[in-house]
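Each remark here refers to the structure printed beneath this line.
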Amino acid sequence: MLANSTVNNSTNSTSTFVTNSDISAGPPGITIYTQVTYSLVASVAFIGNMLVISFFWLDPKLLKKSYNILILSLAIADVLTAICLVTNPGFVLGDAFPYAENQLLGKISCFFIWSRAFLFQLAIFSVYICLALATERRYAVVKPMKYQFTFNKKNTLLYIASSWMWSLILVSSGFFQVGYVASNPRNRRCMWLVNWAEPSTRKSVTVIQVLLRIGFPCFTMLVLYAHMLFKTRKPGVASAERS
């Protein structure tokens, strides 16, 4: 009975987590070349977007326009993305990441840092800010009379806050897919759960996430720009930028 129980427990443990042989290999694709590449990309993104932020810092009057507010929020998101790219163990730091010894802090680190939740959240947030920029341009070109009412400062800030919360919701399922095994080596305690849900549920969640994270905003942007291109070919189309 004890032997059967041990075998069952071992089987359940193996089916629940990714195997130790997979984990011991470290993050897939992490080499000195990828680390250097990610470091360069993060450095360029950080420096470039910090220049954008400093530009608005030196001339805050520019933030009276909703378009510039969206550009600033996008620059801030890209700076945070660059920081996450460097500090995440799966991209640059690798095993040099300072893993927490405390079990509670270790679990928090697995859920929020190792799982790349913040990194994906920032990427999704940036996509929806780009969607807002496309919508703003569409109103400025096609519906200039409604531009000032629709894209006032209050509505713009509300959209930015809503996009931030929405992007958090879209990555929330990742928290259920990460486990913590205290008995493993310090840099191998974070593990992906294999059976965090039924197969049909996992497939449904994946499809919904792909559609809402990338599919919907990208398709909408294409439609908006195509509509603008169609409208601008007609004579008499005014622009809100002229007023």
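Quick reminder: no glycine exception, Cβ is built from N, Cα and C everywhere.
The feature transmembrane segment is assigned by TrEMBL to 36-58 (among others). Residues 68, 71-72, 75-76, 78-79, 81-83, 85-86, 91-92 of the same chain sit 6 or more residues outside the transmembrane segment (36-58) yet have a Cβ under 8 Å from a Cβ within it.
Mean pLDDT of the predicted structure over the domain 'G-protein coupled receptors family 1 profile' (48-243): 83. As annotated by TrEMBL, domain 'G-protein coupled receptors family 1 profile' applies to 48-243.
The transmembrane segment annotation in TrEMBL covers 70-91 (among others). When Cβ-Cβ distances below 8 Å are used as the criterion, the transmembrane segment (70-91) is approached by residues 27, 30, 34-35, 38-39, 41-43, 45-46, 49-50, 52-53, 56, 63, 97, 99, 113-114, 116, 118-119, 122-123, 125-126, 129-130, 132-133, 136, 156, 160, 187 of the same chain, each at least six residues removed from its ends.
Sequence annotations record features per position, and here TrEMBL assigns transmembrane segment to 111-135 (among others).
Annotation comment: TrEMBL describes 156-176 (among others) as transmembrane segment. Taking Cβ pairs closer than 8 Å, the transmembrane segment (156-176) reaches residues 66, 69-70, 73, 111, 115-117, 120-122, 124-125, 128-129, 132, 193, 196-197, 205, 209, 212-213 in its own chain, all 6 or more past its ends.
With a threshold of 8 Å between CB atoms, the same-chain residues lying at least 6 positions outside the transmembrane segment (206-226) that come near it are 120, 124, 127-128, 130-131, 134-135, 137-138, 170, 173. What TrEMBL lists as transmembrane segment is 206-226 (among others).
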